[in-house]
Structures are given as structure tokens and as C-alpha cells.
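Q: Just lifted these from TrEMBL, have a look:
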DOMAIN    15-282  domain 'CN hydrolase'
ACT_SITE  Glu55  active site, proton acceptor
ACT_SITE  Lys155  active site, proton donor
ACT_SITE  Cys188  active site, nucleophile
Amino acid sequence: YVAAVYEHESILSPTPAALVDRQSALELMGRNLEIYEQQAVAAARQGAQIIVFPEDGIHGFNFTRSSIYPYLDFVLHSHSVKWNPCREPYLFNDTEVLQRLSCMALKNKIFLVANLGTKQPCEQTDPHCPSDGRYQFNTNVAFNDDGMLVATYRKHNLYFEYAFDTPPQPDYQFFDTPFAGKFGMFTCFDILFFEPAVNLIKQYNLKQIAYPTAWMNQLPLLSAVEFQQAFATAFSINILAANIHHPTLGMTGSGIYTPVKSFTYHNMESYGGKLIVAEIPVITTDYETNLDKTPSRASEKGNEQSPPQFYAEMMYDNFTFVPVWGEKGELQVCANTLCCYLHYQKAVLTDELYALGVFDGLHTVHGTYYVQACALVKCGGLSFSTCGQEVTDATALIDFQLWGNMSTPYIFPLLLTSGITLEFADHRGWKNNHYFMSKNRTSSGLLTAALYGRWYEKD
């Protein structure tokens, strides 16, 4: 099928904390919706059957709970009502944004997923009801090619979004398409947690995900395209990921991902939006992970001088590192219960410092979640203290096998090369209770090769 995602540079309110009336809010959102309309037309012209728009793309961000109120549409989060906002605009008040999105889908005969703010009144008898008598949700909506509202999803893992409420229970939302079966939906930060993202995929055996996001890139392990690809690979699914485009805020990185191929956009240099359209296969069965060429446990040579261990902060976590010196070698480094092993061979020696790092613990900055990570990274400079810094360019070509005795089945294989480009591992999978990945010869310099494990039970 043909899919489209649009990385949108949203027109933002210069004063998001100021209180405005509904008319002014609609005016600002209308300017973003005009761009959406143009992109829906362009996508449909290229044969796209579905288009996904980013999180916060219509209304923007940095609102307070009260200042976002005029920007919120009313939406009924129930399956009892069959509603086509374009054809039946009179059914509910405050649904102007939904009407425009619905009409876009209808006019272009395209399935459409977008993100907006929604409101829902609640009774004081409801124990979760906020004191102002209403819920405010960060919501994805999906419309079919006739403009019918077919699914609504309320974001569960809010990322410091004080204007919004967490829904009382996780939403498991998916919708059916004639061209690729069921599509699930979740939003941005949700991708790092078991509920509802992983549970949704597992419980309903979903193979396609529509994923609006407003992601701030964080190298070396959580750049948008890097993690989006790892997620598609880990679960053998297709992901249509639409990010927002605000380079000054570190926000870019969208793509259409299959378990074996990615069509991505990452651009920190220029402004404006970007439409990605790609034809991808419908996934019906699981891809088999390649299990040959697996490393055997490294034979420890007792007589060699082992390189020094050091500690450095990476992604706000205290990693234990060993330097990756010389042309080739075998390394191991451990922390808590996790040991990471590396066989490596450099094509040529460059004056770049690489290190093998391990972290097994609770990550506590910008969210709390338990990580088990084995990471081969290029350091920011030549001193140990620069390991873990954000680096975007590298020249060293390294053949490697990386493996670790991970305690969780949820391992995201990250492989990032110079200029924030992506590669796929040659082989990856489980062998003898170790997860491994190997790669011979990346096409450009290696930035990050990592096994990023999420041990959800320990969150």
C-alpha cells in the first residue's frame, strides 16, 4: 500500500499562555489546517491511501490548562456514535477542527490520522474528574476515506504536558482499512512504555501503527528516526511516524518504516515541512530474524592488558565504559546484572575515540523508566569525559558483533551512522540467553550501535 507522513513546521502562537477566545484559536489552527489540506491533496495525487500528521501540529505547545481551552474540540470517546463530521457538522458544538480533518479525508478519498486537543465534560461523581469539571486530552483521531471518524486515542504517557489529563484507563485503539488491515495508534512518549503501545501491538497482533509525535532528539540513543526504526524492527511492524519540524527545539525526524526498509527525513538545517510518500508491503506474518553467524562467547585471554574502565554520563545516566582502542579486539564491560560484549574490527584507524558502554538501571530524568543498554558510541572528543556526548558525524567504519545477557525480551536495536542516517543490522536475535546484533561495513561512519533494552516490569 502507499503511505504518507507529513513533517509539519507548525505556525505557533507567540503567546501560548495568554487567554484567547475560540475565534482567535480557530484562526491560528486554521492556518495550520490549510497546510494540512495542501499536503493531503499532494499525498492523494501520489497515490497515498493513508496520511499521518504530527502531534501538536494544529495547535502548538507550551499552553497552560486554561490557555489551551479555546483550542480544544469536543469529541465523544465512544464507539456507540457513528459520526461523519464533514457530512454531519451540526451534531456537536466545538468540532470545527474535526470537521475540517473529516472533509480532507472525504475530499481526497484518503484515510487520515491527526492529533488535536479535545475536551470532555465530566461529573463531580467521577473520582477522576478534574476540579474544573472537564477532561482535556491529547488526542489522535482517525478518519476513513469517506470522512467517518473511525478511532480516537487519548495519549497515555504525557511528557510534561500540564494542559492535558491522562485518561483514566489506557486506550487500545485501532481502525480497519481495506488495503492493509488494522492500524493501531499511539503518540510520541508512549513509544517508550508498555502501556498502551506494546500491549496494544501484542494483544491485537497489530502489524501497522500510525504514530503522531513531537519528539525532541536526544543523541546518542534517542534520536527520533533511530528509535522509530528500532521499534519497527523489534516488533516486525510497519510504522508511519510523523514528527513536528522545529530545528531550534531539536525537533525533526519522521519516516515510514518496515522491519527491513526505512524512508526517513531528518533535517536540522532548513525550515518548512516535508511530505514523505512510500509504497510498503502489508505485513501478514512475522519476519524471521537471521540467526546464523552468531558470536560465541568471547574467549577471555588472560595475558592481554585489558583497557581501563571509566564512567561518563550519557542520556543523563551513569554509564560504565571501556575504550575501543586499536584496530580490532574483544571487549566486555558489566554493570549490575548486565554484561556487554563486543568483537570489533576497524577498516582503517582514525583519530576518533569510540567506547563500549553499559547501563542497567532506572532512568530518572525527563521520565522514569528502567533501561538495560549495551552501546558502542563515538565520543565527542578524544578524552574519556566526552563519551556519551551528542555527536552527528563520524568517519570510522567498524565491523562488529555486539551482545549482552539482557534480562528483558524487549530489545530495540539501534544503528545510527554519520549525518543521522540509518542502517539495518546484518543479523540480530537471541542465542543462549544473549541478544546480539552484527554488522559488516556500514556505508558511512558509525555513530551508535546499541542494544536498548526496556525492562518494563521494573519501571
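Cβ coordinates are placed from backbone N, Cα and C, and glycine is handled just like the others.
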Q: Would you mind reading off the Cα separation of Cys188 (active site, nucleophile) from Lys155 (active site, proton donor), to the nearest angstrom?
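A: Between the alpha carbons of Cys188 (active site, nucleophile) and Lys155 (active site, proton donor) there are 8 Å.
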Q: Calculate the per-residue pLDDT averaged over the domain 'CN hydrolase' (15-282) and state the result as an integer.
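A: That stretch averages a pLDDT of 97.
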Q: Identify, in sequence order, the residues in the chain of Glu55 (active site, proton acceptor) that are 6 or more apart from it along the sequence and have a CB within less than 8 Å of its CB; answer 'none' if there are none.
A: Asn115, Asn138, Lys155, Thr187, Cys188, Pro212, Thr213, Ala214, Ile244
